[in-house]
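*Asks:* Per TrEMBL, the features are:
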TRANSMEM  42-61  transmembrane segment
TRANSMEM  82-101  transmembrane segment
TRANSMEM  121-140  transmembrane segment
TRANSMEM  152-174  transmembrane segment
TRANSMEM  189-213  transmembrane segment
TRANSMEM  220-241  transmembrane segment
TRANSMEM  247-267  transmembrane segment
TRANSMEM  288-310  transmembrane segment
TRANSMEM  338-357  transmembrane segment
Amino acid sequence: METGTSVSNNNQSIRNDSYEAIKNGSWFNQFRNGCNPWMARYVYGLIFLIANLLAWAARDYGRGALRKVTRFKNCKGGENCLGTDGVLRVSLGCFLFYFVMFLSTLGTSKTHSSRDRWHSGWWFVKLIMWPALTIIPFLLPSSIIHLYGEIAHFGAGVFLLIQLISVISFIQWLNECYQSQKDAERCRVYVMLLSTTSYTVCIVGVILMYIWYAPDSSCLLNIFFITWTLFLIQLMTSIALHPKVNAGYLTPALMGLYVVFICWCAIRSEPVGESCNRKAAASNRTDWLTIISFVVALLAMVIATFSTGIDSQCFQFKKDENDQEEEAEDDVPYGYGFFHFVFATGAMYFAMLLIGWNTHHPMKKWTIDVGWTSTWVRVVNEWLAVCVYSKS
């Protein structure tokens, strides 16, 4: 019995050493050893990107093909509804794939288990399952698709909340690293430089938004959005510098960058016809700049989903350091269930971006996240970010 136990422990040690070699090796080594969680996350990210491209193609170029599908005859709203339905159907297929993966990998804690192998391998099965789950929604009646579209609003909101917590967690982690006792003196100059740069970019961003999106006093809504953003930056700075908090300048400066970016995205989402949105009016025609902006926005969404998915640490309760050391050898490198859950909600999120958060809102080619609904979603997300930061 002792010999069998010893052999089992030796095999486990060899497998752990093999995983460490893959993890610490080059990208080529990770891809060459196909059945491992580090390569798997990139494959799932690639599948998600392809789903995004399919949804965009269904919206902008799939209307002629979708007219031939008899199931679409009950679609209300004419051609524009066909484009919206196409996005929602691709999104539903993507959601189903990642939700099945979420259910089947939830609770996986150790490497070399059956669920670990399912997450990291079995690609032939998944390459059949994913297209099948993508095709099934195209056979469903429009009423079910519209119901999914309503549910997707809440799923996309959950994704934004998860992403928000992840960003704030990263900012706080960065601040803690700089304030650690051994690095405090050495990093003080870097902290001041990064904080000053961040505040400078915030101020420049606010000024540019006033110039671009509030050209005269009649643009009251844009003036309110921009001015309120400036007030929120001041509020976060005051909270961070309060004696009971004493968080320093770095976290409010980086959060200031984040809320200025969200405010800019919100105002850019305003419809093109608005007189206060000069930048949108200037890009009304489809040119290379519009196409590049669309591609960058699409890639940014995929990268944000990927980075949030592997950041399950910020949603876990803190453990004792001794327990962490004992479990470190054969623990999974990231939460598989959480990873797939983020991608499932991300599938709902990209659908909302491509239809402007409104199932009855027509979207022009090469546009993303445009419409008053999109604007207010961004604004509320900005305010929620400040609230979460203040409570953390």
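Backbone N, Cα and C atoms are what each Cβ position is placed from, and that goes for glycine too.
Mind mapping these onto the model and telling me what they sit next to?
*Replies:* Within the chain, the transmembrane segment (82-101) has long-range Cβ neighbours (under 8 A, six or more residues past its boundaries) at 44, 47-48, 51, 54-56, 58-60, 62-63, 66-67, 72, 75, 119, 129-130, 133-138, 140, 142, 145-146, 148-149, 152, 155, 340-341, 343-344, 346-348, 350-351, 354-355, 359-363.
If one looks beyond the transmembrane segment (338-357) by at least 6 residues along the same chain, the residues whose Cβ comes under 8 Å of a Cβ in the stretch are 41, 44, 48, 51-52, 55-56, 59, 84, 87-88, 90-92, 94-95, 98-99, 101-102, 105, 149, 151-153, 155-156, 158-160, 162, 269, 297, 301, 305, 308-310, 312, 315, 363, 368-371, 373-374, 377.
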*Asks:* Okay, the transmembrane segment (247-267) and the transmembrane segment (189-213): do they have at least three CB pairs under 8 Å, pairs separated by 6 or more?
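*Replies:* In this chain the transmembrane segment (189-213) contacts the transmembrane segment (247-267) - 3 or more Cβ pairs sit under 8 Å.
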*Asks:* Using a Cβ distance cut-off of under 8 Å, indicate which of 42-61, 220-241, 247-267 has the most pairs with the transmembrane segment (152-174).
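*Replies:* Of the candidates 42-61, 220-241, 247-267, 247-267 scores highest.
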